[in-house]
Amino acid sequence: MTILIDQPDFGIEAGFNKADDVEKEGVLNGGFMMPHTNSFGHTFRDYHVESERQQGVENFYRTNHINQTYDFVKRMREEYGNLDKVEMSIWECCELLNDVVDESDPDLDEPQIEHLLQTAEAIRKDYPDEDWLHLTGLIHDLGKVLLHPSFGGLPQWAVVGDTYPVGCAFDKSIVHHKYFEENPDYHNPAYNTKYGVYSEGCGLNNVMMSWGHDDYMYLVAKENNTTLPSAALFIIRYHSFYALHRSGSYKQLMNGEDVENLKWLEVFNKYDLYSKSKVRIDVEKVKPYYLSLIEKYFPAKLRW
């Protein structure tokens, strides 16, 4: 079961106008300092700057864009939606990510557990009363365990990177869009129009997204009966959907609930993106707090 929550108060206290203003100064609502550059000294999400990771990132997106078809996503959802790979707790899953590095990310080369805690702690600082949002920060990337041998060791292109709808036209705002021309769906008239297999206002919950850690963790949370609010599930499933929350694309598919939940995703995204740094979190110090949240919102053991 999921519960609805009040939408954030976008007035003086936590308004998007305020967030937009302070973003220019490198500070978010409660004092989280946003760095101006990523771990490599470049601006965030710059996919064109020459760097030691750039060529690898572009090669990743070429493979991703060629292979993420409607039929592929359907097969992956059917296989992994059974949640019959592993049984473990949320924290055990966090620890399993210690050796995972996201090859699609131009901003970070640290193990994923570092990013999870950086995101959660940054949100906790600015939104101390929204414990569901703190936990969402911690778990939003747990689906990257798909890279682990216990889950079949999927290739990086089928786990990480920006996500986008399949079954309709690939919007030009998607990073490295040119490589979609090698995707068979790009030339399929059933899938290459504005709406494709969908209809206006159908709701994003009825849209198939490119397969990866976002959609997988959404399925894990939902099918294990989390009591997190719907905004949390929205964040988990669409936090890599940059074509929507950064470029405003695909809004024709959204329904009213999507519009409301997008407000929380836009809040979350600033912390997800800008908290990536070389600053280390004292895991043992914060662990008891997050274990209490896990107990509040999830069963002790989950099917994965």
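Along the chain as shown, the residues are counted starting at 1.
In case you wondered, yes, glycine gets a Cβ from its N, Cα and C as well.
Per TrEMBL, the feature substrate binding site maps to ARG45, ASP102, GLU103, SER104, LYS144, GLY161, ASP162, HIS239, SER240.
A C-beta separation below 8 Å, combined with a sequence spacing of at least six in one chain, links HIS140 (Fe cation binding site) to LEU116, THR119, MET217, ILE235, ILE236, HIS239, PHE268, ASP272. According to TrEMBL, the feature Fe cation binding site maps to HIS115, HIS140, ASP141, HIS213, HIS239, ASP272.
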Intrachain C-beta neighbours of SER240 (substrate binding site), sequence separation six or more, cut-off 8 angstroms: VAL160, GLY161, ASP162, THR163, GLY212, HIS213, ASP214
Listed in sequence order, residues not in HIS115, HIS140, ASP141, HIS213, HIS239, ASP272 with Cβ within 8 Å of the centre of the Fe cation site Cβ atoms: LEU116, THR119, LYS144, ASP214, SER240
Residues that sit under 8 angstroms from GLU103 (substrate binding site) by C-beta distance, when 6+ apart in the chain: GLY56, VAL57, PHE60, GLN156, VAL160
Would you say which of the binding-site residues ASP141, ASP272 has the most Cβ atoms within 10 Å of its own Cβ? ASP141
LYS144 (substrate binding site) sits from HIS115 (Fe cation binding site) (Cα to Cα, rounded, in Å) at a distance of 12
